[in-house]
Amino acid sequence: MATIEDIKETALIPFQKHRQLSMHEAEVITLEIIGLLCDSECKDEKTLKYLGRFLTPDMYQDLVDERNLNKRCGYPLCGKSPERIRDPFSMNDTTKKFLLENNPYAYLSHYCSKFHFRCSQFYQVQLSDEALFARTGVHLFEDPEQDKHDIDFKVTLFEELLREKASEEDIKSLISGLKKLGLNPDSGTTEKDDTELEDDLSKWLAQIKIVENDNPSILGDFTRED
C-alpha cells in the first residue's frame, strides 16, 4: 500500500531545491505517481486526498486506465479487481466508446462496484485542470504557501460526504450537489437516472448507519450491487 511518504520518496525528493517545476520534471512526477499506484493502492483516505495536489482529470483517467490494465479496480483506494475483467485490446476505440455509452453496467469493467465507480467520479471532477508545472511549490515538503495549496487543491471524498450527510432528508440535496459537479450518470439525465442515484444513496446511507453501530471495516469494502 502506498503512503504519503512513499509518494514523497518515489516522486518528489529529486525536486526539493526549487519551487518551479519544468514541464519535464512535472511529467517525471506524474509517471512516478502512476507507476507507484498502477499496481498498488493508497493506504488511507489522507493519501488519496494528498494526491489531488498533483493530478489533473486527464492524469487521473490515465491512472485508472493503468490500474485496469493490471486488473485492479480503478479507484486508487481499492485493492480489488474490476467485477468484469476484459482485455483492453480486444476491441477498437469506437466499440469501446459505444459500450461505455450504452451498457448500463460498463463501469463494472473498470471498478469493483458501483460504489467505487461513484467515488472515482466524485474525486475526478474535483481535480484542477491546471498543469502540474504551473502549480508552483506544490511539490515541496516545506513551502510558505502550504496553506494555500491545501485550499486550492482540496479534495473531498465521496465517502466523507456520505458520512457527513448520513440522513435520509439530505439525499436530495446531495444529488443536487453531485449534478452541479457534473456527476450525473449521463449527459442527458432523466428522471429514471435521478431515481437510480437516489436509490443508490439511500442504500449506501443505510449501510453507513449499520457500520456505525457494528463498527466494521471502511466504506471501501462495499460489495457490488446486483
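Note: Cβ is positioned from N, Cα and C throughout, glycine not excepted.
Since this is a predicted model, take the numbers as computed values, not measurements.
Look at Swiss-Prot and you will find 50-136 tagged as zinc finger.
What Swiss-Prot records for Cys73, Cys78, Cys112, His116 is Zn(2+) binding site. According to DSSP, His116 (Zn(2+) binding site) is assigned to a helical segment.
Cβ crowding, taken as the number of other Cβ atoms within 10 Å, peaks at His116 among the binding-site residues Cys78, His116. Within 10 Å of the C-beta of Cys73 (Zn(2+) binding site) there are 25 other C-beta atoms, taking all protein chains into account.
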